[in-house]
Amino acid sequence: MKTGLTLEFYKYQGTGNDFVMVDNRKDTFPKENTDLVKFLCDRRFGIGADGLILLENDNLSDFKMVYYNSDGNTSTMCGNGGRCLVAFARDLDIIKDKTTFNAIDGLHHASINKDVVALQMIDVAVIQQKDKYSFLDTGSPHHVQIVANVASLDVKKEGAKLRYGLYGESGSNINFVTPLADDTFEVRTYERGVEDETLSCGTGVTAVALAMHKQKKAISNTVKVKARGGDLTISFEQNGSGYKKVFLKGPAQKVFKGEIAC
Ligand SMILES: N[C@@H](CCC[C@H](N)C(=O)O)C(=O)O
């Protein structure tokens, strides 16, 4: 890349969903440069990440989240990215242990204790139930499908088939889930915009927890999910036929800080 820019960045990960983080409070990042974001997220030629997040000033809250997928395009809400951004804001001394920040789907409340972040997700009013799958929006669109043995599934192949076959160009994220025990599920996710399986997807595991509860495959209002990159807990309250007070909780950690000429 030849922008003449030397960029200071941080790398964070939340259950293996990894992000390049940039403090853009001085508004110096070239936000329309899709190729630059794609390059920074590239695992061979750049830093390497599933997405890039800008932390910006906000009039309504402690800070604003601007999220890009690794394909270089801005997208809808990222749950693990939101959790990592809370850790980043704490590490930059912008917040202490509680915060409210603004994202594409509205204001989010969150708390952080050491490296564990609990992030409130949007309320979910509608879960579409089809024969073989559920579809819902937890800030990002999610297809949730039960499979007999998710551990042995070719997630990239099967996910891509559904992402393009069923949802077209705008697409959906595709989650495959196998019940493990009472209120505990193993989940693997194909993410649109990464166009591959990621080790964990926060809005995805949230969608799985709510869809499993709706189908009465989870009984408790606290659901545990095992993703490839670690464990997450989702808690919620029923709100008529939907859900409110939805919280996604799990670890979010700084990996390293760096500088890149691009
Ligand atoms: N990794 C995310 C989801 C990011 C957005 C997604 N790829 C999309 O474009 O819908 C998460 O943790 O929620």
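Placed from the backbone N, Cα and C atoms, the Cβ positions cover glycine too.
What TrEMBL records for this protein:
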BINDING   ASN17, ASN69, GLY79, ASN80, ASN173, GLU191, ARG192, GLY202, THR203  substrate binding site
ACT_SITE  CYS78  active site, proton donor
ACT_SITE  CYS78  active site
ACT_SITE  CYS201  active site, proton acceptor
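Where TrEMBL records a feature, it is marked here on the structure.
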| residue | record | contacts (Cβ under 8 Å, 6+ apart) |
| --- | --- | --- |
| ASN17 | substrate binding site | ASP50, GLY51, CYS78, ASN80, GLY81, CYS84, THR198, LEU199, SER200, CYS201, GLY202, GLY229 |
| GLY79 | substrate binding site | LEU119, MET121, THR138, GLY139, SER140, CYS201, GLY202, THR203, GLY204, VAL205, THR206, LEU248 |
| ASN173 | substrate binding site | SER140, PRO141, HIS142, HIS143, ARG163, THR189, TYR190, GLU191, ARG192, CYS201, THR203, GLY204 |
Between CYS78, CYS201, which of the active-site residues has its C-beta surrounded by the fewest other C-beta atoms within 10 Å?
CYS78
If the substrate binders are ASN17, ASN69, GLY79, ASN80, ASN173, GLU191, ARG192, GLY202, THR203 per the record, what's the largest distance between their Cα atoms, in Å?
15
Does DSSP put THR203 (substrate binding site) in a helix, in a strand, or in coil?
helix
Name the residue among the binding-site residues ARG192, THR203 whose Cβ has the smallest number of other Cβ atoms within 10 Å.
ARG192
Hey, does DSSP put ASN173 (substrate binding site) in a helix, a strand, or just coil?
strand
